[in-house]
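Report on the following structure.
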């Protein structure tokens, strides 16, 4: 089962375009073996919130096309926002014939379980596992199966509109959730700069895709420099106006 909204804090982990020479991964097209289960019901209520710092997944554009990842895939939250293609394989009893593949976004964490019985330890290291929303699981397999073998591969994320920035925190601890990120989907480095000038300020990952700075930038427009895991860096100048407010979301005019 994926981590619930009530307990996700326990694992908090520590148009100008440029390209970095280093990349964390590549879309190699190869299929990899794993297993899939599901959590929640068909409405997806239990899949909201979670370990990536996202909130209402419907409002944020992810909907039910989501999964919680096991430790081996979650990468301490760094994989949040990445997209995967899955297909049910080698189980004629439970795989739906001709179902094809589904595409999902990583929005949550499936924590390991070290208690017996052993059959519930699918999210334990080093296993690669996807805990899907029920709606997505039942597109490829009968829900009575509970767990099925799958193939998966990392794929580019297709998003509408620009990268979105949700501001939280307080004047002395400004945090930003980055979401609706296209292509690689996951942000691996973030910097912020106020409209009054000065150098870029390095942000640190609080958990998931929530990044933070201790610099007070209230009353200034905000610009961001973001790097995704494929090594691409974009600057988003003045994406939030000088009268920005905590709890508000601002959208850039472009995307990765």
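Here, residue 1 is simply the first one shown, and the rest follow in order.
Cβ coordinates come from backbone N, Cα and C, glycine included.
Any TrEMBL annotation is an automated prediction that lacks curation.
Values in this document were obtained by computation on a predicted structure and should not be read as measured data.
The following features are taken from TrEMBL:
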type	residues	note
SIGNAL	1-26	signal peptide
DOMAIN	49-162	domain 'Expansin-like EG45'
DOMAIN	172-252	domain 'Expansin-like CBD'
Secondary structure content, the domain 'Expansin-like CBD' (172-252) (per DSSP, counts of residues): 0 helix, 45 strand, 36 coil
Helix, strand and coil totals (DSSP H, G, I; E, B; other) for the domain 'Expansin-like EG45' (49-162): 20 helix, 34 strand, 60 coil
